[in-house]
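**Student:** A single structure is presented below for examination.
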Amino acid sequence: MKDVVGSPGTWSGMALRLSQCVSAGASMGAMATAYGFSNYTAFCYLIASMGLQLLWSFGLACLDVYSLKTKRDLHNPVLVSLFVVGDWVTAILSFAAASASAGVTILFERDVHFCRMYPQLSCGRYALSVVLAFITWSFIATSAVSMFWLLPSL
């Protein structure tokens, strides 16, 4: 059971963590370069959540690289328990931030038509950042489920 896809110390685990880093960084970059994002709390929360996700995933990707390089086994019950809790916490935060930002973006574009009334708002970048945040969440959810699946077998 220790050969679960995405488990720590494997190539698939490292690829999953690096995918999380790239998509979280891209989401942060898209939102940070959008005009007026700091006026809306949901967008600031998205930046903070993706920043936390980036740090968490980068740290675990570095741990995966170290494990692959030194041939160390990371399938320790204490370590995997920490990974499970961290993955689930960051997954919930990422999903909440992406959902809140998606709600504000839809409100601006479809309900109150802020994007037409105020063309200086970067509604396209808001939407791009939200899509990237949901992609990040899908990667972290995959990782959280694989860690949770691995835990009982240790």
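Keep in mind that glycine also has a Cβ here, set from the backbone N, Cα and C atoms.
According to Swiss-Prot, the record shows the following:
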{"type": "CARBOHYD", "residues": "N39", "note": "N-linked glycosylation site"}
{"type": "TOPO_DOM", "residues": "1-14", "note": "topological domain 'Cytoplasmic'"}
{"type": "TOPO_DOM", "residues": "38-42", "note": "topological domain 'Extracellular'"}
{"type": "TOPO_DOM", "residues": "64-77", "note": "topological domain 'Cytoplasmic'"}
{"type": "TOPO_DOM", "residues": "99-129", "note": "topological domain 'Extracellular'"}
{"type": "TOPO_DOM", "residues": "151-154", "note": "topological domain 'Cytoplasmic'"}
{"type": "TRANSMEM", "residues": "15-37", "note": "transmembrane segment"}
{"type": "TRANSMEM", "residues": "43-63", "note": "transmembrane segment"}
{"type": "TRANSMEM", "residues": "78-98", "note": "transmembrane segment"}
{"type": "TRANSMEM", "residues": "130-150", "note": "transmembrane segment"}
**Student:** Within the topological domain 'Cytoplasmic' (1-14) only, compute the mean pLDDT.
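**Tutor:** PLDDT averaged over the stretch: 84.
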**Student:** Helix, strand or coil at the residue listed as 'N-linked glycosylation site', per DSSP?
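**Tutor:** Reduced to three states, the DSSP call for the residue listed as 'N-linked glycosylation site' is helix.
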**Student:** Run through the topological domain 'Cytoplasmic' (151-154) and tell me, per DSSP, how many residues are helix, strand and coil.
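**Tutor:** Computed counts for the topological domain 'Cytoplasmic' (151-154) are 3 helix, 0 strand, 1 coil.
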**Student:** With helix taken as DSSP H, G or I, strand as E or B and everything else coil, how many residues of the topological domain 'Extracellular' (99-129) land in each class?
**Tutor:** 24 helix, 0 strand, 7 coil
**Student:** Count up the helix, strand and coil residues in the topological domain 'Cytoplasmic' (1-14) according to DSSP, in that order.
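**Tutor:** Counting residues per DSSP class in the topological domain 'Cytoplasmic' (1-14), I get 4 helix, 0 strand, 10 coil.
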**Student:** What counts of helix, strand and coil residues does DSSP assign across the topological domain 'Cytoplasmic' (64-77)?
**Tutor:** 8 helix, 0 strand, 6 coil
